[in-house]
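Features as listed in TrEMBL:
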- 144-148: motif 'VHIID' (MOTIF)
- 310-384: region 'SAW' (REGION)
Amino acid sequence: MEQELWTGGGGNLRAHSSVCFSRALIDGPRIQQLLLHCAAALESNDATLAQQAMWVLNNIAFSQGDPSQRLTSWLLRALVARACRLCVPAGAAQAAAASAPAPRERAMSVTELAEYVDLTPWHRFGFTASNGAILRAVAGSAAVHVVDLSLGVSDEEIGLRLANFAKSKGVQLEFSVVKCGSPSPSPTSSPPKKQVALCQDLASVLSDRQSLGLRDGEALVVNCQSWLRHVAPGSRDAFLDAVRALNPCLVTVTDEDADLDSPSLATRIAGCFDFHWILFDALDTSAPRDSPRRVEHEAAVGWKIESVVGADDADGAERSESGARLAERMRRNGFASVGFDEEAAGEVRRLLSEHATGWGVKREEDMLVLTWKGHGAVYTGAWTPN
């Protein structure tokens, strides 16, 4: 077999080898160990060791293989991109970055979005659990105002449909979209703004009660769905301070149950492999490999991996933190947790009954956690200001 490898000088190193092995003989733990060797080599600027590790990974990774092989192909792509940025001259790296094509973005119709969301319970879990907590918190209120912070698609169209549905049920509903500097990204694209700037825009909006349309006598709820990881880690406390200043009766937070904000590349690689394997494995039971929705799900994960692996910036994109760490952060910032009642948990279980048997839900402290084969995937917590 013959394989071209990159070199620190920008040329090609042509390596010849007669070694043959089966991908089936390399399991997940061995792949992860190779990825960690490669990460350590890049962190220590050992180009030779990094080339060797990438050569082996290139023979293991397979975009149409099992979950570990498909995930490895995206991790290898991110490592190669990182290596290229580190090994070429700074000016050339900047020029290459400027000329590189941006991640493909495609606006989804409401129907396509529904198909994307319903492929797994990954997205609906948080809304289902949060809705139960919200209904309990606002029971008896004459008016309810929900500030929904999420990375939505076609918000205006969805809002119009919600308003029409509410009208048909005799319920008065007002729906408005508050812009915060830039359009929200689609599920298959990376965030278009630096996270610090995004947080500054959002804090400005949250401090303007008029722009939010808040009125006296309303029960205010702040709903954060898959949002907090897009706020720079160093700005999250300030963001929560802005939320608490609104004095909501309830704050719900849903996000991915993974720690991907370590300054260590090797630690982030290990976290990516352990966590993102969950969705790759679950998709094997949810859709055929040529399904457009499945392709978009895996591509979205791939772009997230490139964001986490590609840069060491502590305020980079997709720096998620686990539910346990989020709970500590909420308590430090003056919030008390609210447990989910059995009715809310029952709604979640009914949702999961529509999907593969590997999905489950467990309680951790006062939070609900979506699991796949026992591995924590997504958490939802409810909080009130002290």
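Including glycine, each Cβ sits where the backbone N, Cα and C put it.
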Tally of residues which DSSP labels helix, strand or coil - the motif 'VHIID' (144-148): 0 helix, 5 strand, 0 coil
Overall pLDDT of the region 'SAW' (310-384), taken as the mean: 93
